[in-house]
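Record features, source TrEMBL:
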{"type": "BINDING", "residues": "51, 52, 53, 54, 78, 102, 129, 130, 131, 132, 266, 267, 294", "note": "carbamoyl phosphate binding site"}
{"type": "BINDING", "residues": "162, 226, 230, 231", "note": "L-ornithine binding site"}
{"type": "DOMAIN", "residues": "2-142", "note": "domain 'Aspartate/ornithine carbamoyltransferase carbamoyl-P binding'"}
{"type": "DOMAIN", "residues": "153-305", "note": "domain 'Aspartate/ornithine carbamoyltransferase Asp/Orn-binding'"}
């Protein structure tokens with residue numbers, strides 16, 4: 001059974017196959033051609049964390065592919081009342097074709113996937129946000145970057161969180177360079193970094209870790225960041241705001257990047273904190289194209305998983 005929990009579980013060719021599916025599906029969408037590739041299939045969407053982009057993109061995506069989405073908040077299911085994950089996984093999985101989960105601990109996803117009879121997609125966990133990175137890479141391709149002719153060099157500025165971890169996986173799998181700059185004490189997870197370095201040794205990606213945002217951004221052509229305080233870290237907001245001083249992506253920092261540099265952010269963005277309003281509204285900013293591409297990237301992921309499940313059942 002193929003699940004989509006982290007990019008670490010996929011080879012380069014598999015990631016590129018999903019991206020190619022997303023490109024094809026988006027082309028059909030823009031031409032107003034129907035794509036009933038998942039006709040009559042049902043996607044259960046379990047949200048233990050709220051979201052705008054994840055809910056709208058998955059629900060719209062499965063509908064556009066000819067299927068149906070069922071939204072389940074933590075209040076709608078028995079997980080919040082203590083039902084074991086393994087029981088929920090087997091029950092829900094017996095009634096739907098695919099499950100997307102947006103949750104806190106990554107271990108919850110892994111346990112759910114272990115017991116699920118259908119593919120499970122990570123809509124976000126505390127450790128990884130792989131669907132976002134698929135949208136990011138699709139956006140980079142549309143902005144003229146690719147692995148053959150114009151390989152990107154990416155700078156991630158900010159918290160060493162699930163987005164940073166997912167950039168590590170994408171860069172090390174596909175073989176492009178990545179600089180990560182975090183404040184002291186907010187670095188990426190050491191085990192995830194070690195795994196990325198193993199992948200990078202095969203793909204020839206260069207991964208650099210620093211506490212200096214200016215050093216990280218220099219000569220990069222993709223600059224990206226994320227909120228300084230993720231969901232569940234509200235009590236740390238003021239402490240983090242102090243720790244992250246000097247890590248805002250502003251016009252001055254962007255000027256150190258390449259002339260053709262683009263700016264990405266998974267949103268929601270807190271203007272005046274991790275990014276200035278000027279950068280977010282600049283021509284370099286591709287954040288709304290990036291958000292739109294969540295829809296198409298996730299359709300590519302769902303179709304890929306459905307195709308592989310079908311192949312395994314033949």
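The backbone N, Cα and C atoms fix where each Cβ goes, and this holds for glycine too.
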Lowest local Cβ density among 131, 231, 266, which the record lists as binding-site residues, within 10 Å: 231
Overall pLDDT for the domain 'Aspartate/ornithine carbamoyltransferase Asp/Orn-binding' (153-305), taken as the rounded mean: 97
Three-state secondary structure, which DSSP defines for residue 131 (carbamoyl phosphate binding site): helix
8 Å Cβ shell about 162, 226, 230, 231 centroid, L-ornithine site members excluded: 124, 126, 129, 159, 161, 163, 227, 233
Summary of DSSP states over the domain 'Aspartate/ornithine carbamoyltransferase carbamoyl-P binding' (2-142), given as helix, strand and coil counts: 70 helix, 23 strand, 48 coil
Chain-internal residues, separated by at least six, CB under 8 A from residue 53 (carbamoyl phosphate binding site): 266, 267, 291, 294
Integer Å distance between the CA atoms belonging to residue 162 (L-ornithine binding site) and residue 78 (carbamoyl phosphate binding site): 27
Longest CA-CA distance among 51, 52, 53, 54, 78, 102, 129, 130, 131, 132, 266, 267, 294, per record bound to carbamoyl phosphate, angstrom: 30
Lowest local Cβ density (other Cβ within 10 Å) among binding-site residues: 51, 162, 230: 51
